[in-house]
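The transmembrane segment annotation in TrEMBL covers 6-27, 34-58, 64-82, 171-189, 195-217, 229-245, 289-314, 334-354, 392-412, 419-439, 459-481, 493-511 (among others).
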Amino acid sequence: MTLSDLVALGVALVVAVLPGASLLFAFGIRARAWFVGLSVPASVGVATLTASACAVVGLRFGPVSLGVVTALLLAVGVVVALRRRRGADERPGGRTPAVGWVGQVAGGLLLLGGMALGARSWFGGLGESLATVGQEHDLIIHHMLTAYIQRSGNGAPWQLMPADVMTGSGVAYYPSGVHLLAAVTAVLLGNTVLALNATTVVVLAFAWSASVAALTYVAARRGRSSRSVASLAGGVAAVVAAGLYRPVFSLMHEGGILANASALVLVPGVLAALLSLPRRGWLPIVPLGVGCAGILAVHPTAAASVGVSFAAWLVGELLVRGGPRRVLRDVPRLVGAGAVALVVGLPVLAQVLTVSGGPQQFGADIGPQPFSAALGNALGLVYAGWVPANAGYPQFAAVAAALLGVGAVLVTRRGLGALTAWLAWLVIEVAFATSPGVGPEAKLSGLFYNAHLRIWSHLSLFVPVLAGLGVVLTACGVALWLSRLAPFARARVRWATVAVAVVAGLLYLLLPGVKYSDVEADYLATRYARSHFTRVGADDEKAIAWLAERVKPGQRVLNSANDGSTFLYVEKGIPVVNTHSLGTPLAPYTYELMARFNTYPQDPAIRKMLRDLDVHWLYVDTVAPGIGSGVSPNNWVGGPSFALAPGFANLDGLPGLTLGFTSGTVSVYELDLDAATTP
């Protein structure tokens, strides 16, 4: 890790946390669980609102606009805090016993340990540098989208993502909540790749551990645990979460699915806020609603992830003493928060509704499994993906910790909400695995593109919560048992609880946690530092440098987005014709040119497209990675896989087309349509 990496992480962390934390501060929120779990979703909500307002009034979205909004929120927060402080001067303050603050500090340190463990996995996979370019397919659009917001200042939902980066036309909605934060970071750092990777680590390592810790803390507190014990539970959960294969490493290794992975890791933090509304006052519904709108902007499927999980959690709450009363008490303000989320999220929802076909158009990506195999894989948290040495093996330590939590919750009847939420997703996962896309869960699974890895990942949202609860509830039980054996030690029961929980958390961190981190670094490395395939490589960098000196203003480069050509725009701002790997139906010329470019000498329609776009250059990589093409615009590919665009083959001898540069498998041609002849 270099100094520039540390600076990038620091900048990305501030951008991801400060706007949301300022919103919470401005509305007088004092609950630490909200700051830990809701700050990042709220930051996305603030960024989305800011970008939308900028689009309406004609201003650029970026560090200045987001910084001004954040500063205003901080100023309001300072005024609110000063007023509260004056009103609190006359109130007597309580004193936290030593064991109380020691437990809270230890829980916080375990949380930091979980964050560090997650970052360790990422830096191992990145080859110890945040400047490493990810090669997975979906990272094409993640880099392009971040660069477009960074370069254009357009960040409103209805502006993203355009087919034409020069004019901003042909917008096909893409979930861009995390990309707003990455783009602001990119402007500050001056490097898109560095900023996107730094934001990825902040969200998928730091925010993941924080999100789970917040939910576990709330679950423990609702189970009548002290702040000290609840903090320890959250710390243990953070450590367990950092080592899980799902959702983070599964989605990023098996598809580069950054937006959905980001939404999933933020779900526990949003649930924590929904479950811990202050007993009085309506003001908290505003930041809560903005946070809910924020996670919706990260990925719309978060509505289902949060909704199903919250409903299942409430079932458990209704089974404990006082639960129904507590749930009913919060209903009016939860409805209010939902209304705020609906209003704030309208720009996102309006774009989601414009998506033709929707995720339901995708068929299931797996075949039916026997019930025993489906249940065993789900409970065992087995690895998948394309690392044969690990695929199919369970995460035994995580499974044991989760089952400890299941037993502890059932025995003590504390934390039943976490158990019912986990059980709900277990049922959904097994139902999908045994009858993918056609079972009773089909409507729900359709929202997740009928993709097994997306559905399966939900189970892992509650495994760390159960593990954290299991450790502290067991620690409490062990301490009480020891006090009965040695009555003189009864005064030290709370200290014993803290000690047992801390030791358990540290042992997990240093033994299975580090081992899991090594395995997951290997998974990430297959898409970053030691990728199984190359989409953007040294030959592309040479071609980009060569073209950057020759492309004139207004000219476009015809390309296939399935190779490294999109980095012409990412690195140099050079407009490319294709920003989506298979083109987009909102701009038919994108795929028609890939299909029939080599017919331009005799096809006037193709020549007209080229002239209208002022295409003067053609970028070709003859060995681009293969991708699935079962759903292509107008079925232009006509097959299940795609690598080289058919229109980019057999180029030798075409009139007006001159080879200008070649390096390895990458070639750049100069096109002069005036020199082209027709039969």
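Numbering starts at 1 and runs along the chain as displayed.
The backbone N, Cα and C atoms fix where each Cβ goes, glycine too.
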Check your understanding: Per the definition of 3+ C-beta pairs under 8 A with sequence separation of 6 or more, do the transmembrane segment (229-245) and the transmembrane segment (195-217) touch?
Key -> yes
Review point. When you check the transmembrane segment (334-354) against the transmembrane segment (493-511), do you get at least 3 Cβ pairs under 8 Å, counting only pairs 6 or more apart in sequence?
Key: no
**Study point:** Non-local residues, at least 6 beyond the ends, that sit with Cβ under 8 Å of the transmembrane segment (459-481)
**Key:** 212-213, 215-216, 219-220, 223, 225, 229-230, 232-238, 240-241, 244-247, 264, 267-268, 305, 309, 378, 381, 398, 401-409, 411-412, 414-415, 418-419, 421-422, 425-426, 429, 493-494, 496-498, 500-501, 504-505
Review point. Between the transmembrane segment (289-314) and the transmembrane segment (171-189), are there at least three Cβ pairs closer than 8 Å, leaving out pairs fewer than 6 positions apart?
Key: yes
**Study point:** Result, the transmembrane segment (171-189) in contact with the transmembrane segment (195-217) (3+ CB pairs under 8 Å)
**Key:** yes
Check your understanding: What else in the chain is close to the transmembrane segment (34-58), if you only count residues 6 or more beyond its ends and a Cβ gap under 8 Å?
Key -> 15-24, 65-66, 69-70, 73, 111, 153-159, 177-178, 180-181, 184, 203, 207, 210-211, 213-215, 217, 234, 266, 268-270, 272-273, 276, 287-288, 290-295, 297-298, 344, 347-348
Practice item. State the non-local partners of the transmembrane segment (64-82) in its own chain: residues 6+ outside its ends, Cβ under 8 Å from one of its Cβ atoms. Key: 15, 18-19, 22-23, 25-28, 46-47, 49-51, 54, 184
Check your understanding: In terms of Cβ proximity under 8 Å, which residues at least six beyond the ends of the transmembrane segment (6-27) contact it?
Key -> 34-35, 38-47, 63, 66, 69-70, 73-74, 76-77, 80-81, 119, 130, 181-182, 184-185, 188-189, 191, 194-195, 197-199, 201-203, 206-207, 283-284, 286-287, 290-291, 294
Revision key, fill the gap. With the cut-off at Cβ under 8 Å and a gap of six or more residues from its ends, the chain residues touching the transmembrane segment (392-412) are 223, 240, 243-245, 379-384, 418-419, 422, 463, 465-471, 473-474, 477, 508, 511-512, 516
